[in-house]
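Per TrEMBL, the features are:
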type    : residues                : note
BINDING : 64-69, 241-245, 313-316 : GTP binding site
BINDING : SER68, THR222           : Mg(2+) binding site
REGION  : 388-409                 : region 'Disordered'
Amino acid sequence: RLSYSHEQLIYDMRGVVNALSCCRVPVPKANNDRESISKSSKKIAKSTLKRRNDQRILLLGTGESGKSTFLKQMKIIAGKKFQEAELMSFREIIYDNVYKGVLFLLQARSTLKIPWAGGPNCDAANAADALENHFKTFQRTQRERARLRQVLWMEDEFLQIAPLLAKIWADDSIRLAFDQRSRLITEDFSENTRFYLNRIDQIAKPNYVPTNEDIVWSRRPTNSIIEEEICVHGIPITFIDVGGQTKERSKWCHAFTDMTSVLFLVACSHYDEFYVDRVTEEYRNKLREAMDVFESLINHVSFRRVSIILFFNKTDILKEKLASGLSSIRSSFPEFPSEADERKLADVQNFLVTLFSSRIDPNPDPTLPEEGEAIQRLSGLQKLFHSKSLSRHDSGSNASSQGFDRTPRRRTVYRHFTTAVDRRNIETVFNAMQDTILQSNLRRLMMS
């Protein structure tokens, strides 16, 4: 038994009071303090409400699917003007796209053993020798400029080599190499090369300023998260663009919050193109890679309350490939129906829709407890985007650890065939999909 005297009790209580006083919440001493707290609370509430009302669209897809092209097109449709500094940056990108594109085609012509149409001593052959010599010295300059984050191309430098580029492109062997590019690894090649070379006279003029069409065709891999607010028909929409290359996908999980819709872009013309997996060093079909990534994302619990819009992009190139007959979709996809015509656009499009639809689990569970769901989402995303492979077999065997859910719930995915470089096409498609975005946003607000 412990006994306390009156003095000891008072002494101990003083100690308790002193200790607790260090932890007490400050009480406003004046009306100004109360007003300040009130204003701060209102500001937070207003910001939260605005974020809930915002239409936020996350752009996802593998590399070269056209995400950045779509975003540039939307800016132009919305009437946004590019600043002078942006125009000069695009000019530099265009110079680099043309230069590297021609170097790729020269290597492709040599690898495919396509002879010069004009003979071994023609103007194009001599221009190719001169350009390759230029590359040997100029690549050191570009590496140093890249290290110092300087401008990669000066206008006079490009104007000096432009005549060589024009002579090379004039030879039919280079155009044939472009048509047969799918026979090679095309990871570092951009399809805009032909567009720019057909406009080389305009691009090679002094004081050249890129047109909107030139800007849309330009390509630079996205290596960061780009957030762009665009007002379309009076409705503010925030687009979030993240890199699609394998090394950039770990950043996707940081952009998943508060999304109204996810817009997943697929380059449907990539059915016959391959790349080298940087981890396994295996050759992989680009379209199958897009299918695997799509499956990994669409069946994840993070997307169960978000509308999914699927863009089968680069329809113009798909149509061109099918018409040329230079490649066969059946050779890359033996499951292509025997009764279908692989030269017919509608048959190929139906097949592509079936391919991606088969990867969608129609019934993810909507009844996950919120706390458990949050934990599952976090652990699932970390494992999903830091894993070495996103193949269908890997995701299936590790479904529970990666945050997948395979119990019944209905899913709807809206799909469109698009050509991101075609302004009229994108404007028409976006008008059609706005109802989807608005309905999704309304459902989200009602649920919150």
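Positions of Cβ are set from backbone N, Cα and C atoms, glycine also.
Keep in mind that TrEMBL annotations are predicted by a computer and have not been checked by a curator.
Everything TrEMBL records as a feature, shown here on the structure.
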residue	record	CB count, 10 Å
GLU64	GTP binding site	28
GLY66	GTP binding site	25
SER68	GTP binding site	22
THR222	Mg(2+) binding site	18
ASP241	GTP binding site	23
LYS314	GTP binding site	26
ASP316	GTP binding site	16
Cα-to-Cα gap, ASP241 (GTP binding site) vs THR222 (Mg(2+) binding site), nearest whole Å | 8
THR222 (Mg(2+) binding site) and GLY66 (GTP binding site), distance between Cα atoms, whole Å = 11
Could you give the Cα-Cα distance between THR222 (Mg(2+) binding site) and GLU64 (GTP binding site), in whole Å?
-> 10
